[in-house]
Amino acid sequence: MFRRQKAQDEGEKEQLLDEGETESLSDFRPLVVLEFSSKTTPVTREWMKAKIEASKKHGGAELNAKMVVAKDGEERVLLVSAPQERLLHGAEQMGLKKKYKDGSVRAFTFAERQNIEDYTESLEGMLTMSQSQYIIKVELDNIRALETENHIPGCSNPKARLYKGKSLLSRMVSCHLLDKMYPVHNPEQLKRLQHDWYHLHEPKQLMGRQPIETIRGYFGESVAMYFSFLGHYTKALVVPTVIGVLYYLFNESGRNDFVIFAVFNMIWATVFLETWKRTSSEHAYNWGTLGRQVFEEPRAGFHGKLGVNRITGRSEPVYPSWKRLLRIYGVSFPIVILCMLVAVVVMMIYFWAENIAKAKHKEENTMLTKGLVLVPSIIYSVVIILMNQAYRTLAQYLTKNENHREQSSYENYLIVKLVLFDFVNCFLCLFYIAFVMQDMNYLRQSLAILLIVQQLVGQLQETLLPYLLMTKRIKKGEKSGLDHVSKPLHEIPRSKQAEVESLMDRYEGTFDDYLELFWQFGYVFLFSAVYPMAAFWALANNIMEIRTDAFKMCRIFQRPFMEPAANIGAWQTVFEVMGFIAVMTNTALIGMSPEIQPLLEGYTTVQKVLIFVAAEHLIIFIKVVLAFAIPDMPEWVETQMGRIEYQSTQALKKQVSLTEGQDPPGFGTSGGAVVVDGDDEEEDEA
């Protein structure tokens, strides 16, 4: 249906064109780059190129491809593009949602393209560059082996076998035939984004104001959702920071002065998380991801005996669920428990070293020994970070070994492992000090040191590591003869852009960033009753975090593929659970404080426990009431979603009535019908 564009000038074909430039027969606008490994043969590369260009009925993707010479002189870099009309048909098949002129956001159909808000006769600009690149990625992932194809041509690796329905791209990756696949940057758009994002030319940018819509248009929903959450969280920290600083400066008479602040923080955590749900639902509706359900294809690492998927009817690996559960509870779970026990042992070593330092200071009482007392806490803070990083590698291996079919399932099980270990590793020592040693001054000191040191080390990694990576990339490029590698992308000749981007590091996603916010959230809210300044240090860190993360996205890493996201996923539950744990810890700390105890004279221990259990339940009840009182969606979003559902129902009635030869009574011009014709369905199945 779509034929490959013929280039009239080879020099023009090698240029990287801006998004706004019009495609013609002489233009080639690369959107995605595939880099084959040096072990691939010309036969394999030409076969893959032919599959990408072939029609769908012949197992191809109907995309445009051009092979170019790599740094080593071999033609093993494949540039992939597509005409705008082909991309729009791909958007329809994927169920991509767009904003229509009537203000609604619903599934795009090519037949209704003139009703799209940003419609142009040339069809340019109807899709963002990140959406176009995502469509190409999906099409490449969906290139399947035909019944006659049982092995990758030109490859002697016995693991390179194929079967009908097997994704060729995943097989190329598993056989180490494909080194990289990444979307190219748009230098001019990137330059404008850098100016609006992390160049502090406006004071209000300092408090987390970010060009979220521009970020979403360039990097996709998943990245934009993270930065929106980070900005929302940063702004939410302003109130507890102001109150905490005032308490800390003017109310140092006793911990009872922090009781009101602690209760406020417990309630404020719920307000912050509930208002974030509203913000994320607004984003999801405007971005067309709210309520969108996508059938997940098997992960690249998923393996099993060849079978038939009961939903799609396609051949794919099948893995028994009992084997997966056996690996989860028989292998992963015991190892996670063992790692948490190791964290406990390390914690006890820390307390042992701390006691030695304190004894030394008590014996000599010098400035040197006074500073020595802080050394174990500082070392322990760094050890916690190193253990978290080492454990993450182990957790990824264990989760990969569990052989999850869907990427979402893989990520959820990985989150559970990381949260369990990080909670023990980061917070167990504080729980021990609070409820075993019951030393509130020591708890305040330890909390301050852990939070400040870990954030300093984190910021050092966020700033120094990107600098080192950039320096390494520049040196590597200069050795390869790339004189422009040290310049920003908008100053690099377009013909050299792919080579420069190839040297950039791959972006691994927002996982580490959410994990960092998780333990910071715990330090701020778990022990509010003893250290009100925690919010201040978190706020200062996050203001820097936004800038350093933005710099890395724009200057250090390759551009990631867009990932549709309607919210922050399982992390929302993680933060909410942490909020409920904070109620328990702060209530217990308030009850244990010497200032509160005299108020309970005459009560037995059991009665005291019951009083604070009742207080804890009262605060939890208030949090639950607030959670229900603050709707997850703004009213206008609910109205729009209901309207779309109504229009879809009416459209279905109209379709049924047309097949019967009559119109449904009372059916108006609602618009918004999402109709998939039979030809498209057969094409998808093929």
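Any Cβ shown, glycine's included, is placed from N, Cα and C.
Going by TrEMBL, these are the annotated features:
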{"type": "COMPBIAS", "residues": "1-16", "note": "compositional bias 'Basic and acidic residues'"}
{"type": "REGION", "residues": "1-22", "note": "region 'Disordered'"}
{"type": "DOMAIN", "residues": "215-643", "note": "domain 'Anoctamin transmembrane'"}
{"type": "TRANSMEM", "residues": "223-250", "note": "transmembrane segment"}
{"type": "TRANSMEM", "residues": "256-273", "note": "transmembrane segment"}
{"type": "TRANSMEM", "residues": "328-353", "note": "transmembrane segment"}
{"type": "TRANSMEM", "residues": "373-391", "note": "transmembrane segment"}
{"type": "TRANSMEM", "residues": "412-435", "note": "transmembrane segment"}
{"type": "TRANSMEM", "residues": "521-544", "note": "transmembrane segment"}
{"type": "TRANSMEM", "residues": "609-630", "note": "transmembrane segment"}
{"type": "REGION", "residues": "657-686", "note": "region 'Disordered'"}
{"type": "COMPBIAS", "residues": "677-686", "note": "compositional bias 'Acidic residues'"}
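In this chain, the transmembrane segment (256-273) lies apart from the transmembrane segment (412-435): fewer than three C-beta pairs between them fall below 8 angstroms, excluding pairs fewer than 6 positions apart. Contact check: the transmembrane segment (223-250) against the transmembrane segment (521-544) gives at least three Cβ pairs closer than 8 Å, residues 6 or more apart, which meets the contact criterion.
For the transmembrane segment (609-630), the residues of the chain that approach it from at least six positions outside its boundaries are 263, 266-267, 270-271, 274-275, 277-278, 579-580, 583-584, 587-588, 590-591, 600, 603, judged by C-beta separation under 8 angstroms.
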